[in-house]
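Chemist: Dumping the structure here so I can ask a few things about it.
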């Protein structure tokens, strides 16, 4: 199946500058294409992942993707999707963020000869102000630029000349890559349509109307409840494991709504059409098994964090469900118990009642602690404690780093042994 037909089946195409021309181009040859990302932070979140999943599909189909990490445009600020001016970053911040994003890109695409990361600072920084105005500014109509959605949406609240010129800079990126690397396709989110078409227009003006330069945008991904995909009550879901642990990442996907899961399987996995159709059927016939959600979580977590991260996430999930926490490693505990109530405790042995009340503050009183212990409601590191005279050794398990306390079936507490 042609890559364009595959993307249409997945619901991943919003607009194309020339559908027939692009389909013909991708059928007959390997195409170089690009997507840009400005280094406004040092990590992508799952919202950023959407266009780069498309880029990855092109790579797997034999094409050559380029990622433009915008060291130049990132110093300016893209007005797309913003209702106010971006705060300008220092060049040191931009460089730090570039390095973080580039590392993530190589993890997703591999150090492959058919994948390239480039920095638009390398060519934009060489253009003088006079050259910019003469060679490029002269080719852009202010009237046309004002009518682009990305600018028009900002006119009431105001837009600086700096951000106003952003679409010219992005157009220069496309022109440079077209000339230097024979890049013929730019992809981006739906809000990038104005910037992308400005680039194809510039190429056609300077290289001729028969120049094969195309644009493709991806729809805004909405959840079944109408809200924007990628946001949670706890904020963004990051690709950086220091910000969002692989377990939390896995849990985000496994907890998706039945109404959304098939759409996400199409967008975020490389499963075949037949396998996705089969999983879609299980959502209808056996939704309680959540097979589609589990497969989604496995596939996306492996793509971003690797196979071992999936194994660890499933170990944590099983341990928390069954209460068998003894099988967990210290690293898995750190991931799985992030966000549960916790406290630092000493490594000294102590009476269990005093430890629960004084050291951890887990129990409100000694009377309550004794009652819970006698009733078998307290488990320490997965083992039931029934003796109120028992002594706890905080350094006895999990490399002497943690003590896991559970009351009843769901109330967990994590003690960090210092």
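Cβ atoms are placed via backbone N, Cα and C, with glycine included.
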Chemist: Of the ranges 9-18, 19-28, 29-38, 39-48, which one does Swiss-Prot list as motif ''HIGH' region'?
Modeler: 39-48
Chemist: Swiss-Prot tags one of 228-232, 233-237, 238-242, 243-247 as motif ''KMSKS' region' - which one?
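Modeler: Residues 228-232 are the ones Swiss-Prot records as motif ''KMSKS' region'.
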Chemist: Among residues 34, 166, 170 annotated as binding L-tyrosine, what is the maximum Cα-Cα distance? Answer in Å.
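Modeler: Value for the max Cα separation, rounded to a whole number: 17 Å.
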Chemist: Grab the pLDDT values for the domain 'S4 RNA-binding' (350-418) and give me their mean, rounded.
Modeler: 93
Chemist: With DSSP as the yardstick, break the domain 'S4 RNA-binding' (350-418) down into helix, strand and coil residue counts.
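Modeler: DSSP classes over the domain 'S4 RNA-binding' (350-418) add up to 20 helix, 22 strand, 27 coil.
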